[in-house]
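Attaching a single structure in structure tokens format; questions to follow.
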Amino acid sequence: MPLLFILAELAMLFARLDSEGICLHITVPQKIEPRKGGDAEGKVTYVITIDGKPYSLHLRNHSFLSQNFLVYTYNETGSLYSDSSHFLAHCHYRGYVDEVPNSIVTLSICSGLRGFLQLENVSYGIEPLESSARFEHIVYQVKSDSSMLAGNDSHVWQIDQLDKGHFNEQDKNHSQLLPQSLKLHIIVGKFLFDYMGSDIMAITQKIFQIIGLVNAMLTQLKLSVVLASLELWSDKNHISTDGNATDILQRLLDWKRDYLTLQSNEITHLLIYRRRPKYIGAASPGEICSKSYVAGVGMYPEDIGLEGFSVVITQLIGLHIGLTYDDNIRNCSCPSAPCIMQQGALSSSGKKTFSNCSLHDYMHYVSNFDTQCLGDLSNVHVLQPNQAVCGNGIMEAGEECDCGNETECQFKECCDHETCRLKGSAQCGSGACCMPTCELSASGTPCRKAVDPECDFTEYCDGSSSHCVPDTFALNGHLCRLGSAYCYNGRCQALNDQCVSLFGKGSQGASYACFEKVNSPRENLANCDSKDSYSVPCGQQDVLCGKLACFRPPKNYKSPSQSVVYSYVHDSVCLSILPGLSMRSDGRDSAYVADGTVCGPQMYCINGTCKEVNFTGNDCNATKKCKGNGICNNFGNCQCFPDYRPPDCNLQIGSPGGSIDDGNTLRTESAFATKRLSKNEDSWVILGFFIFLPFIVTFLVGIMKRNERKIVPQGEHKI
């Protein structure tokens, strides 16, 4: 398979490449409400100030997340799991600066403004100032030096791979191009995952910013990138990333064929960190519709910024769609140099455009090669707010079933995984209460077992739905572990248990001095109040709610490969781990103390803050409402003990207990009436037997005595 390399040989690049954050400005963005009526939906305007000069940012919503977008990560056991609940599709906007012609703005506007302002020859980054109580933001100039790549013209491109035809003036007209789209599956290698901070949410947001910049550049070709999925190799590299870019690309193609199940029009890009690579990537040229060969490898050099790396991704995509590097032979030019397919674009700031050569290459490619896999943009389904997503395994409004994607679906005979509609006469097609025969499970069948013996409860099928009832568990703040810990979201959040799960048997929670060392506010360690992937230093009252600190176990750790941080306090060794490397079953970072952990008398941790335990908003009093025969659950109802029947926990011998929320309809009055009738019938039979038993015994004894009297001894007869 012919390969084309992205060859920016970076011999002089590393002296001064994309040094961000030199000149800082503080601004408070002012949101300008749109006029009512007209085409105001999806539009917003912000005014920011840079160097005392106001700039108006006119933005329009531009969602580039696929309708089925998921983020895949690996937990500490190496198991792959996915999540889509944290990502807001309506946050991404694109627009321009009113005062600057030919400018481009790409921003995420949820929880503050994050992104880039690309003017004619300068770029600015903007992000919220998290420590500010006001809506203050930092604006910084993205520095670059295009002379770093000057004279470095040693890139390789094989022009005979694709017949470009002859460049003539009529090919310059690209107005006939139709809007099209391509889907991208991005994989972030382990080393880049660590280099970007090892935080899943933060890395995901960075990838979003990169794709926003890529789409801004591809607008000139009327091409839009839709991010289909994101895979983070948070545990390890699943292929070797040693060697040159071509070797890695070949391994990626082999791994992709064996392990990835993608739609036919999805491109896979592996992004890896390489401190000083000779090449910044490798791609298969002109293979956009070849499922077996279309892939790319992008290398993230040391100190490069997100803006610079977005050029790498754009060049990779350019090679897929038939573009080649610009050169002097064809007199390539663009309004603002350097052009995107030139090496100097990697270290340039400001708006970037394709050259006349790139436009010709693309026009020629779409006219002469197979591009059916490039979807019509009008038919691309991007994720919208509160929109049902078919294939995510969650049955939402408008769906009859949702058994996951083609690989995950276990009910292929019952549910169409592409339309989320039932097949034929199927009663169900997904869910814990759906049988392989496409029939509903019987009422009272367990569908979700308790994961904690004290704080979580088993749920049952109700016989009318294919899905298990909502999870029921003890009311947050209920005491467990003999009063030494609290229940929180169905788990007994004992500190020692959290340490054991990380470091193995024998581990236990560390002393206050250890927590104070690990989360010292004096050292400005941002380990508390984690919200929207941003953290702040722990206050003195919150040190027990930051990073988890444990004492060293007597034997080897449960996970020897875990990145352990050692702290020494009063001759004791305190253990903690780096964030982003280990996830609990609920998807939360194991490096931090779990919500609900005791941090003082009648106090527990919530979002990195030590707060008072209270039951405000819940009127369930177990002593009164449950008569002391049960505890309150998360719905404010009684979870009754065995032999007590919900909802009020009245005495009912033989009742399994439970609540009215757990789905077990066998506890209804009619069910118990039937059960009582059956028991009564059995009781009368037993009672009658014991009443007549003495008469039966007397009768049998009388018969035995009468038979004894009838026996006469016989004498001996002599002859």
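A Cβ is built for glycine as well, from the same backbone N, Cα and C atoms used for every other residue.
When I checked Swiss-Prot for this same protein, it listed these features:
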SIGNAL    1-19  signal peptide
CARBOHYD  N61  N-linked glycosylation site
CARBOHYD  N75  N-linked glycosylation site
CARBOHYD  N121  N-linked glycosylation site
CARBOHYD  N152  N-linked glycosylation site
CARBOHYD  N173  N-linked glycosylation site
CARBOHYD  N244  N-linked glycosylation site
DISULFID  C289-C373  disulfide bond
CARBOHYD  N331  N-linked glycosylation site
DISULFID  C332-C357  disulfide bond
DISULFID  C334-C339  disulfide bond
CARBOHYD  N356  N-linked glycosylation site
DOMAIN    387-476  domain 'Disintegrin'
CARBOHYD  N405  N-linked glycosylation site
DISULFID  C447-C468  disulfide bond
CARBOHYD  N607  N-linked glycosylation site
CARBOHYD  N614  N-linked glycosylation site
DISULFID  C620-C632  disulfide bond
CARBOHYD  N621  N-linked glycosylation site
DISULFID  C626-C638  disulfide bond
DISULFID  C640-C649  disulfide bond
Looking only at C-alpha atoms, tell me how far N121 (N-linked glycosylation site) is from C620 (disulfide bond), rounded to the nearest Å.
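One finds 63 Å between the Cα atoms of these residues.
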Would you list the DSSP helix, strand and coil counts for the residues of the domain 'Disintegrin' (387-476)?
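Grouping H, G, I as helix and E, B as strand yields 0 helix, 14 strand, 76 coil.
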Given the recorded positions N61, N356, C632, find the one whose Cα is closest in space to the Cα of C289 (disulfide bond).
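Of the recorded positions N61, N356, C632, N356 has its Cα closest to that of C289 (disulfide bond).
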Just the number: how many Å between the Cα atoms of N75 (N-linked glycosylation site) and N405 (N-linked glycosylation site)?
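Between the alpha carbons of N75 (N-linked glycosylation site) and N405 (N-linked glycosylation site) there are 21 Å.
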Which residue, of the glycosylation sites N607, N614, has its CB surrounded by the fewest other CB atoms within 10 A?
N614
When DSSP is mapped onto helix/strand/coil, what comes out for N621 (N-linked glycosylation site)?
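Where N621 (N-linked glycosylation site) sits, the three-state DSSP reduction gives coil.
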Under 8 Å between C-beta atoms and at least six apart in sequence, can you list the same-chain neighbours of N331 (N-linked glycosylation site), or say none if there are none?
none
Using C-alpha atoms only, work out the spacing between N607 (N-linked glycosylation site) and N614 (N-linked glycosylation site) and round it to an integer in Å.
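Here the two Cα atoms lie 16 Å apart.
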To the nearest whole angstrom, what is the C-alpha distance linking C632 (disulfide bond) and C357 (disulfide bond)?
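Per the Cα atoms, C632 (disulfide bond) and C357 (disulfide bond) stand 71 Å apart.
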What subset of the disulfide-bonded residues C332, C620, C649 lies within 10 angstroms of C626 (disulfide bond) at the C-alpha level?
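Checking Cα-Cα distances against C626 (disulfide bond), the disulfide-bonded residues within 10 Å turn out to be C620, C649.
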So among C339, N356, C640, all listed as recorded positions, which is physically nearest to C332 (disulfide bond)? Use the C-alpha atoms.
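So, of the listed recorded positions, the one sitting closest to C332 (disulfide bond) is N356.
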At a 10 Å cut-off from the C-beta of C638 (disulfide bond), count the other C-beta atoms across all protein chains.
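A 10 Å sphere around the Cβ of C638 (disulfide bond) contains 27 other Cβ atoms.
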Applying a 10 Å Cβ distance cut-off over all chains shown, what neighbour count does N121 (N-linked glycosylation site) have?
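Looking across every protein chain shown, the total is 12.
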Say you check the Cα of C447 (disulfide bond) against those of the recorded positions N61, C357, C373, C640, C649; which is nearest?
C640
By a simple count, how many Cβ atoms lie within 10 Å of the Cβ of N75 (N-linked glycosylation site), its own Cβ left out?
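If we count other Cβ atoms within 10 Å of N75 (N-linked glycosylation site), we arrive at 16.
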Can you tell which of the recorded positions N356, C468, C640, C649 lies nearest to N244 (N-linked glycosylation site) in space, using Cα positions?
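Smallest Cα separation from N244 (N-linked glycosylation site) among N356, C468, C640, C649: N356.
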